[in-house]
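Peer 1: Would you mind keeping the following structure in view while I ask a few things?
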């Protein structure tokens, strides 16, 4: 297979043809503008924060007591196994909803746009917030289970659409930094829920419904503020064919803070024309497209490794017997939880790309092995609780893996294949998350016990090896340039032809007829 992209780019130079022809300085020095910063903060707080908040908000023991009280008022006494099943169902409904939300990503972002999808998504947050807030009043834990599924749909959409939206808004030199922000707000959301879950704040018998209902607050704020920010310029030009907006560069000028945006518009036009033969790739075609084979495998490996690294197991076992076996007193569990959440937030700032992926998975693998040894041997060189708190706090160090899979997914797929790629990545992400939430409580209590984390250590090791061998560094490269990095592994030849600059640049800008893609 041969892919020929007449990009009008000098193969011996990192500068674009527009820069060469018109002596324009490189845009690698694009700075963070107020519009871009506010769009990032509003979308990340309104969507990503909710995702993190709902991961950890169901850790109050008073919720389980509410389940037992309601169940016993209708039936016979509730056994421990039945309570574990109900609680696992409550926890796992969230990632199951996330899976179905991921399936909705491609059709929604292609029809409503990135920003439009985020606005529409708030329906799946505000409704469940009201449902969970009144659950105790109406005496129904079933409402919480259903609401968890619906708010999971919200998380499934936002976890994919926010990185896609921000990745397309940001210039290439800021994509990595902007890509960290959604994960930062996810970890802040987790920490906020953990802090609210302290019994002296909202984690008590009277206030836990309020804690559940607070998830609707960020959605309302996003619904009010996000309409004032631009839609993705790439979506408007490449997918909607908005020529008027493209020529004026209105959205790009607002985002970049200056008038000269022709170079970036040119790159979008080149990408648009190179993808005309492909059209919008469906998921089925994505799996059969040879030039995207290793990109697809990479996002599957990264998302599986991230969700099965052991971090989610720790988040979901904050109130399970594993903490008791670690020597942590029941009243201290809430503070251990806040400690792991705090480390999670701090380590988000250390995020990078390939190197930090390797470091994160390496530390996670070691932490899982240490945790297994400590739980099985009950090391007493330190007081048991102190020993295990330190190991539990090691696991969030693999939080550097958090933002990177979504950043890399944005970078290694082009506009026509990006929605389908995020659908696949999100489906893998949430299915693995669902599996941990449903299976791990039984695995830990009835199965492997202290040795449960050996499974996570093995998965971390396999993922680390794959990343080391396959995934390239994508920092400070354009979307078109990144496609070259996978060409050799996919056995696809990409040829960049440099022709008469002035004539061809003008041809692209005026007629769009001189870029050829062949398969």
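From the backbone N, Cα and C atoms, a Cβ is placed for every residue, glycine too.
Curation does not apply to TrEMBL; its annotations are automatic.
I grabbed these lines from TrEMBL:
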{"type": "TRANSMEM", "residues": "32-53", "note": "transmembrane segment"}
{"type": "DOMAIN", "residues": "40-475", "note": "domain 'Major facilitator superfamily (MFS) profile'"}
{"type": "TRANSMEM", "residues": "85-106", "note": "transmembrane segment"}
{"type": "TRANSMEM", "residues": "118-135", "note": "transmembrane segment"}
{"type": "TRANSMEM", "residues": "141-162", "note": "transmembrane segment"}
{"type": "TRANSMEM", "residues": "174-196", "note": "transmembrane segment"}
{"type": "TRANSMEM", "residues": "208-229", "note": "transmembrane segment"}
{"type": "TRANSMEM", "residues": "355-379", "note": "transmembrane segment"}
{"type": "TRANSMEM", "residues": "391-408", "note": "transmembrane segment"}
{"type": "TRANSMEM", "residues": "420-443", "note": "transmembrane segment"}
{"type": "TRANSMEM", "residues": "449-471", "note": "transmembrane segment"}
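Help me picture where these features are in the structure shown.
Peer 2: Tertiary proximity for the transmembrane segment (85-106) is limited to same-chain residues at least six positions away from its ends with a CB under 8 Å from its CB atoms, namely 54-55, 58, 64, 67, 71, 117, 124, 141, 144-146, 148-157, 159-161, 283, 316, 419-420, 422-423, 425-427, 429-431, 433-434, 436-438, 441-442.
Residues of the same chain lying 6 or more positions beyond the ends of the transmembrane segment (141-162) and with a Cβ under 8 Å from any Cβ of it are 43-44, 47-48, 50-51, 54, 58, 63, 66-67, 70-71, 86, 89-91, 93-105, 108-109, 114, 117-118, 121-122, 124-125, 127-129, 131-132, 134-135, 182, 186, 212, 215, 219, 406, 422-423, 425-426, 429-430.
Same-chain neighbours of the transmembrane segment (208-229): 35, 38-39, 42-43, 45-47, 49-50, 53-54, 57-58, 60, 62-63, 66, 115, 118-119, 122, 125-126, 128-130, 132-137, 144, 147, 151, 154, 193, 196-197, 202, counting only residues six or more beyond its ends whose CB sits under 8 Å from a CB of the stretch.
Residues 84, 87-89, 91-92, 94-96, 98-99, 101-103, 105-106, 109, 152, 156, 159-161, 163-164, 280-283, 285-286, 292, 295-296, 299-300, 302-304, 306-308, 312-313, 316-317, 320, 405-406, 409, 413, 452 of the same chain lie 6 or more positions beyond the ends of the transmembrane segment (420-443) yet place their CB under 8 Å from a CB of it.
Long-range neighbours of the transmembrane segment (449-471) within the same chain, counting only residues 6 or more positions beyond its ends whose Cβ lies under 8 Å from a Cβ of the stretch, are 294, 297-298, 301-302, 304-306, 308-310, 313, 322, 325, 354, 357-358, 361-362, 364-366, 368-369, 371-372, 375-376, 398, 408, 440, 443, 489.
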Peer 1: Near the transmembrane segment (32-53), which residues from the same chain, at least 6 beyond its ends, have a CB less than 8 A from one of its CBs?
Peer 2: 115, 118, 121-122, 125, 151, 154-155, 157-159, 161-162, 165-166, 169-170, 174, 177-178, 181-193, 214-215, 218-219, 221-223, 225-226, 229-230, 254-257
